[in-house]
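Engineer: Below: one structure in structure tokens.
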Amino acid sequence: MSKAPPLRLGVNIDHIATLRNARGGRHPDPLRAAFAAIEAGADGITAHLREDRRHIRDADMQRLKAEISKPLNFEMAATDDMIRIALGVKPHAVCLVPERREELTTEGGLDVVGQQASLGPAIARFNDAGIRTSLFIAADPAQIEMAAKLKAPAIEIHTGAWCDAITDGDAAKANTEWQRIFAGAALARSAGLEVHAGHGLDYATAETISELPQIVELNIGFYMIGEALFVGLGETVRAMRAAMDRGRAKAIAA
């Protein structure tokens, strides 16, 4: 039997804030969603404070840090302003992501190789502050190796291309992307990085990727918030947790 570590579920609540902001005001409250997710079994809460504040706002991050009982993962672009805000909030972790104002969601992985001169000092500042840093990257060997060189504690593998290929019915592309993820997770772990994954995951893909023993955390948001409209957030978190547990059980039995 292999030694697969426990697998954490981070619930991204950005799109609770998207719905709130569509009408203004305070309802629905992202903090209430965080409480519900944690009660249902989430191991942490993820929120992305974008530069345009299109969903999560500064006050949301402060409230989440002050009131939730589980770790807060602060997704952010590595800008001077966001670094200053994150150091003030002092979350358990930050996940550095690429960001473009015109995108609907994070479209690709961070170019760690191309941005090493700016990312290195940012990672060092967070490490010094006791805030764990992960880098949201494609499962590309050069990016993974640079993440390790810059002393990032963790990476989050971008699973979007794999999930999109499955949704589109493109089996060949899905297999190619899966092989990249499979190899990338192994390379990252051998380089001493903690390995997370996320973007576009649903119940089926979360179960599949949970079979990779190197991965210790999945961060999932949009699919779960969509499902919650029909069955409730608590039930969605429990169903996702069950899917992950089924996948991890296969890894342990292998």
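The first residue you see is number 1, and the count goes up from there.
Glycine too: its Cβ is placed from the backbone N, Cα and C atoms.
Relevant sequence annotations retrieved from Swiss-Prot are reproduced here:
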- H48: active site, proton acceptor (ACT_SITE)
- E75: active site, proton acceptor (ACT_SITE)
- H199: active site, proton donor (ACT_SITE)
- N12, R23, G200, G221, F222: 3-amino-2-oxopropyl phosphate binding site (BINDING)
- D14, H15, R50, H55, T105: 1-deoxy-D-xylulose 5-phosphate binding site (BINDING)
- E156: site 'Transition state stabilizer' (SITE)
Engineer: In angstrom units, rounded to an integer, how far apart are the Cα atoms of D14 (1-deoxy-D-xylulose 5-phosphate binding site) and E75 (active site, proton acceptor)?
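Structural biologist: If we compare the Cα positions of D14 (1-deoxy-D-xylulose 5-phosphate binding site) and E75 (active site, proton acceptor), the gap is 10 Å.
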Engineer: Check each residue in the chain of E75 (active site, proton acceptor) that is at least six apart in sequence and keep those whose C-beta is under 8 Å from its C-beta; list them in sequence order.
Structural biologist: N12, T46, A47, H48, L49, V94, C95, V97, F136
Engineer: My understanding is the cutoff is Cβ-Cβ under 8 Å with a sequence separation of 6 or more in the same chain; which residues meet that for E156 (site 'Transition state stabilizer')?
Structural biologist: C95, S134, L135, F136, I137, H196, A197, G198, E217, N219
Engineer: Within 10 Å of F222 (3-amino-2-oxopropyl phosphate binding site) by C-alpha distance: pick out those among the recorded positions R50, H55, H199, and say none if nothing qualifies.
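Structural biologist: So the list is H199.
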Engineer: Take the Cβ of H199 (active site, proton donor) and count every other Cβ within 10 Å, whichever protein chain it belongs to.
Structural biologist: 25
Engineer: In whole Å, how far does the CA atom of R50 (1-deoxy-D-xylulose 5-phosphate binding site) lie from that of G221 (3-amino-2-oxopropyl phosphate binding site)?
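Structural biologist: Pair distance, Cα basis, whole Å: 15 Å.
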Engineer: Would you please pick out, from the binding-site residues G200, G221, the one with the fewest other Cβ atoms within 10 Å of its Cβ?
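Structural biologist: Comparing Cβ neighbours within 10 Å for the binding-site residues G200, G221, G200 has the fewest.
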Engineer: Quick check for the class: what is the C-alpha distance, in angstrom and rounded, between G221 (3-amino-2-oxopropyl phosphate binding site) and H199 (active site, proton donor)?
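Structural biologist: Checking the Cα atoms of G221 (3-amino-2-oxopropyl phosphate binding site) and H199 (active site, proton donor) gives a distance of 8 Å.
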Engineer: Measuring Cα to Cα, how far is G200 (3-amino-2-oxopropyl phosphate binding site) from H15 (1-deoxy-D-xylulose 5-phosphate binding site) in Å?
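Structural biologist: That separation, Cα to Cα, works out to 14 Å.
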Engineer: How many Å separate the Cα atoms of R23 (3-amino-2-oxopropyl phosphate binding site) and H55 (1-deoxy-D-xylulose 5-phosphate binding site)?
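Structural biologist: A Cα-Cα distance of 12 Å.
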Engineer: Residues with Cβ closer than 8 Å to the Cβ of H55 (1-deoxy-D-xylulose 5-phosphate binding site), same chain and 6+ apart in sequence?
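Structural biologist: For H55 (1-deoxy-D-xylulose 5-phosphate binding site), the qualifying residues are D14, H15, A17, T18, N21, H48.
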Engineer: Per DSSP, to which secondary structure element type does E156 (site 'Transition state stabilizer') belong, with helix, strand and coil as the options?
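Structural biologist: The residue in question, E156 (site 'Transition state stabilizer'), is strand (DSSP, three-state).
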Engineer: How many Å separate the two farthest-apart Cα atoms among the 3-amino-2-oxopropyl phosphate-binding residues N12, R23, G200, G221, F222?
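Structural biologist: Value for the max Cα separation, rounded to a whole number: 26 Å.
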